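Over in TrEMBL, the protein carries these features:
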BINDING   A:Asp83, A:Leu84, A:Thr85, A:Arg113, A:Gln127, A:Asp131, A:Arg288, A:Tyr292, A:Tyr293  L-histidine binding site
DOMAIN    A:102-357  domain 'Aminoacyl-transfer RNA synthetases class-II family profile'
REGION    A:418-465  region 'Disordered'
COMPBIAS  A:420-432  compositional bias 'Basic and acidic residues'
2 protein chains.
Amino acid sequence: MARPTPLSGFPELLPEQRIVEQQVIDTLRETFELHGFAGIETRAVEPVDQLLRKGDTSKEVYLLRRLHEESAEGHSGIGLHFDLTVPFARYVLENAGKLEFPFRRYQVQKVWRGERPQDGRYREFTQADIDVVGRDVLPFHHDVEVTRVMVDALSRLTDPARLGLPGFRLQVNNRKLIQGFYAGLGVAEGDATDEVMRLVDKLDKLPTSKVHELLTAEGGLDAATADRVLALATIRATDDSFVAAVRDLGVSHELLDEGLEELAALVRACADLVTDRVRVEADLSIARGLDYYTGTVFETRLDGYESLGSICSGGRYDALASDGRATYPGVGISLGVSRVLVPLLARTGLAADRKVPSAVVVAVTDEDSRAASDAVAHALRSRGVPCEVAASAQKFGKQIRYAERRGVPYVWFPASPGSEHGHQVKDIRTGEQVEADPATWSPPAGDLRPRVSTGSTNNSEEKQQ
Amino acid sequence: MARPTPLSGFPELLPEQRIVEQQVIDTLRETFELHGFAGIETRAVEPVDQLLRKGDTSKEVYLLRRLHEESAEGHSGIGLHFDLTVPFARYVLENAGKLEFPFRRYQVQKVWRGERPQDGRYREFTQADIDVVGRDVLPFHHDVEVTRVMVDALSRLTDPARLGLPGFRLQVNNRKLIQGFYAGLGVAEGDATDEVMRLVDKLDKLPTSKVHELLTAEGGLDAATADRVLALATIRATDDSFVAAVRDLGVSHELLDEGLEELAALVRACADLVTDRVRVEADLSIARGLDYYTGTVFETRLDGYESLGSICSGGRYDALASDGRATYPGVGISLGVSRVLVPLLARTGLAADRKVPSAVVVAVTDEDSRAASDAVAHALRSRGVPCEVAASAQKFGKQIRYAERRGVPYVWFPASPGSEHGHQVKDIRTGEQVEADPATWSPPAGDLRPRVSTGSTNNSEEKQQ
């Protein structure tokens, strides 16, 4: 078999990179569980008709076909999920009678999209979602809750003592605020409002003057209304001062009041969590395009990697799902684990300082005494010290290099029977070698697990260009 | 949307069941890492030509097709992996220059097979694989290593203080022993030997007399040779006494000697790990059918669930992969996590004692003081106590029932401003209520995480019938 080449859009990691991803996922899980969120997994597939309900994603769906499929459609009626929201909504409906509401869940899984691969966009990638779902009602304080949980999670990821990822900027807005503002301006509800939101969303890519032109030409707004729509979209604040800025635009509407009140409450409720690593900012340009959000909306930028777009998004939806008997309102956020990590790993060389979990390589004096080395390893493992026994009884110098190549910090030399020397352990970084007892020795806590080297994570895309 | 129904062959778990699965996976990962195995993940898809190289599995492959696929083949040239060995072999070749050999890796991932769903057989299921792979050479002691690692993992799973799963019986054999024995009997190497192995494999389902008949009719053996082939296949021992039993059959061959020596070494090397919960047994009927093993082979039965067949299998292969420059011999075992767990969960009611990770529900006195309850939760979480704040400020009796329905053991009543009472925490299982400080109180260690209830895991299939 010739050496295979990678498949575009299906990123894979080396062991020392996978340790970083695993620590990110562990940190997320730890945070979500501390907040009482239950972990679930859904199957990778959903019925095709469910996947195609949202017309705009249909082109991205991978359908499944058994090799000997005989159906007229040419597929098995199922496809790979393209997000974790569609399967979660189905899971809630399917198990509604067995779940307790409000139901807090987290879900970290791969999803698949058949779109063209590009920077930060993959055909297979991992998402980490949290949602709170109620039956018929879901108070606004859950919007605050999911925001705080995600800010907590992102803070842990950026903690220099943990992974030291770059900072995050969480941008929040509220659809009621936008829709109420537009309604107060006289823009018709429904398609007209959606079209204006869609055009305002282009502020990301187009200059303000061009969006203004589109708002009058395609959006059907007069120039003065377009001015105020754009004035709203440029308001940003890290506290609730945005309320006064919106009021100054002289628009009033009941729904606008409700939106302003919710967004102000959200920003105030997160104030105690904000640091220079993770900021929360009211950004009135955020609308989440055509997604079906009805209140709070979120986007998130990774410092130095703004060109990736939003890497953590979500919001409030009045009906995640509904069956004949009940509707299930929800609020949630989805973090693009691969979208953040794969570019970071590629550009900064971010990696663990080991290629293996082992803290110790137990040397082998000769093949006949391998059992003695195994016994040392067994004793260390019984006290939680990850270790491996050297693969062959080479000269000790070679066994030390074996450990070095893997980034393992310690090499253990078992006591030789009949020799006056007892067991010895060497820190191969310093060369220090000491007598040690397999029944009691442990490495310092910081050496027990691989560490993620954060030295170069400041190599943002700006610095590379 | 009408209430959806489950998809046959795609099992999903409720939150209290998923906690069991997560603890199983955590236990496996902990064990594998203690032994220095690096965790990797491979993409879910492989090129179709790679998936179809082993002709006998081709019918089980799910091909992927983008909705708007325009290729003549009607698929995208990729399919979902049906095991973790094919992708691992490809990963080793693709990254050979960046890996350190011998390379120890574990991999816990979903795999997919389009076969008809039945008990213990699913279309989507989780496997946990460990393998050690060398470049050009891989000493036999690694066969011992992977066996010991898996026995260690299974022992932890059966530990009553952890998950308390039913016992396991690991059956080991050696293809050199079988092939050497057959060669010593004069059975031709190659197809004739494969055919005899295939027929002997039917001892699982057919009476010995019937297999004898097949060996003479289809296998081309004379009756005396068939007798000795069957005599070999009925030898079982929990120690190396099988060597004498084989010698008594009066067959000699160099390859037989080598196989006997390896198998005896393996059984002896595992003796110190064997308990009544996890046994290791030389079983000379085990051949692993047409799989490409060349030495050690493994199968495993779950006590009380023997009808599931082998739930943990593997062996030694002289060439996991090869490119122009090197071959990569390996030895590994694959545990069918879903094959073990899904039937256990369904038949025994095995589940966690909570539906959520929370150890504490912090009650809310009234919505105006929700921030005070949030502050208590924040203090508990900062010391690693998972908790949630009650969803609404109902009467305390209702908030206690809210916790009860989720299996959460403690309810926290925040101090009311102006009241003489300080914070109080109630163990709702005993009714005991005590004053407590959010800055210092922790539940007993045993209450911190959900526990898996093992009370009914003795309800094996035999008892149910």
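Glycine is treated like the rest: Cβ placed from N, Cα and C.
Counting residue by residue with DSSP, the compositional bias 'Basic and acidic residues' (A:420-432) contains 0 helix, 4 strand, 9 coil. Largest Cα-to-Cα span within the L-histidine-binding set A:Asp83, A:Leu84, A:Thr85, A:Arg113, A:Gln127, A:Asp131, A:Arg288, A:Tyr292, A:Tyr293: 22 Å. DSSP assigns A:Gln127 (L-histidine binding site) to a strand segment in the three-state reduction.
Sorted by the number of other CB atoms within 10 A, the binding-site residues A:Thr85, A:Gln127 start with A:Gln127, the lowest. Each of the binding-site residues A:Asp83, A:Arg288, A:Tyr293 was scored by the number of other CB atoms within 10 Å of its CB, and the largest score is that of A:Tyr293.
A:Asp83 (L-histidine binding site) carries neither a helix nor a strand DSSP state and counts as coil.
Averaged across the domain 'Aminoacyl-transfer RNA synthetases class-II family profile' (A:102-357), pLDDT for the predicted model comes to 94.
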